[in-house]
Structures are given as structure tokens and as C-alpha cells.
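What follows is a set of notes on a single structure, which appears directly below.
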Amino acid sequence: MSQKDPCQKQACEIQKCLQANNYVESKCAAVLQEMRKCCARYPKGRSICCSGFEREEREREKLKTTSEGIPPPPQ
């Protein structure tokens, strides 16, 4: 039996908020931040709901290192 995704509740809250606000992300900043906090609490890959947020974090790190003149790590 598979375990329930630990961040599923936050993912559902994001969907509800986006639907209620005509998909204007800025109106759902608080629930998006809660999702990021949830994803940060669990190891990578633990929550399928966090996959997009993990990818976002990798991209942010990549931009940060390139803007600082540090070459990105090999992939």
C-alpha cells in the first residue's frame, strides 16, 4: 500500500485558490509559500506533489550561481 503524499493537502489548497482567483498566481502567494515550506520538510522525491517546486528550486540555484560567476555543477 502506498503512503499518502505528505504535501497533498497543500497542493489541493493551491488548486482551490487558483480556481477561486481565475488562476492569478499572485493572489495565492500564501498557499504557494505553504507548499514550498512543506516540500522543504521532506527529502527530494518523497512527495510527488513537490516535483515542480523541486525543479523550480534547482532552476533558482542555477540562476544564482551563474549570476555570481560560479559555473553550474555538472549534470
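Placed from the backbone N, Cα and C atoms, the Cβ positions cover glycine too.
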**Candidate cysteine (Cys7, Cys28, Cys38) that TrEMBL pairs with Cys17 in a disulfide** = Cys28
**Message:** Taking only C-alpha atoms and a 10 A limit, tell me which of Cys17, Cys28, Cys39, Cys50 are near Cys7 (disulfide bond). These are the disulfide-bonded residues.
**Reply:** Cys39, Cys50
